[in-house]
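J.: Below are the structure tokens for one structure; questions will follow.
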Amino acid sequence: NSFCTLLGCDPPACRAMASAGAKSGDDDYVSCSVFVAVRARPFNSRERAKKSKCCLKFYNGDSVQITAPAAPAGKGAKTAATGESKPFAFDRAYHMDTPQDVVFRDMGLPVVAATLEGYNACIFAYGQTGSGKSFSMLGPSDAAHIL
């Protein structure tokens, strides 16, 4: 009876491990404790003023496709900005409209459960300035800050 079950969190990797017979405390169960998630942030005021378009498409809650905008005419961009798309896979992928309680249930509760079971646990937000780390951890400014 793990705290994960008690709290109602059920990350996909641990779900798969549990269905294979692993239990909390088993080495295999513990090894599934690294999850990588991405969350899009809303446009900032500058992006809204420029009427920027979203270049992200989310699939199945765990995949994101990024489409590079076409380079403006007359600007010789050194990178491939030709409308080319690239897919990326994660354990979880959250659109900017995903409620904070969903992010907490998926990503925060397993960390709380691991901590209560005696494991060291951490949520780590990484990215350049303005990329959405605070939004990912706190949600919209008018939301209850539960992560």
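If you go along the chain as it appears here, the first residue is 1 and each next one adds 1.
Every residue, even glycine, has its Cβ placed from backbone N, Cα and C.
Note that TrEMBL annotation is computational and uncurated.
Here TrEMBL flags GLY127, GLN128, THR129, GLY130, SER131, GLY132, LYS133, SER134 as ATP binding site. Annotation comment: TrEMBL describes 33-147 as domain 'Kinesin motor'.
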J.: Sort the residues of the domain 'Kinesin motor' (33-147) into helix, strand and coil with DSSP and give the three counts.
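T.: For the domain 'Kinesin motor' (33-147), the helix, strand and coil counts are 28 helix, 20 strand, 67 coil.
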J.: Residues other than GLY127, GLN128, THR129, GLY130, SER131, GLY132, LYS133, SER134 within 8 Å, Cβ to Cβ centroid, of the ATP site?
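T.: Near the ATP site, beyond GLY127, GLN128, THR129, GLY130, SER131, GLY132, LYS133, SER134, sit ARG41.
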J.: Of GLN128, SER134, the binding-site residues given in the record, which has the fewest other CB atoms within 10 A of its CB?
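T.: Fewest other Cβ atoms within 10 Å, among the binding-site residues GLN128, SER134, is found for GLN128.
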J.: What mean pLDDT does the predicted model reach across the domain 'Kinesin motor' (33-147)?
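T.: For the domain 'Kinesin motor' (33-147), the model's average pLDDT rounds to 81.
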J.: What same-chain residues, at least 6 away in sequence, bring their CB to under 8 Å of the CB of GLY130 (ATP binding site)?
T.: ASN44
J.: Which of the listed binding-site residues (THR129, SER131) has the least company, meaning the fewest other Cβ atoms within 10 Å of its Cβ?
T.: THR129
J.: Can you tell which of the binding-site residues (GLY127, GLY132) has the fewest other C-beta atoms within 10 angstroms of its C-beta?
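T.: Minimum Cβ neighbour count within 10 Å, taken over the binding-site residues GLY127, GLY132, occurs at GLY127.
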J.: Which residues, sitting 6 or more apart from LYS133 (ATP binding site) on the same chain, put a CB under 8 Å from its CB?
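T.: The list for LYS133 (ATP binding site) reads ALA125, TYR126, GLY127, given in order along the sequence.
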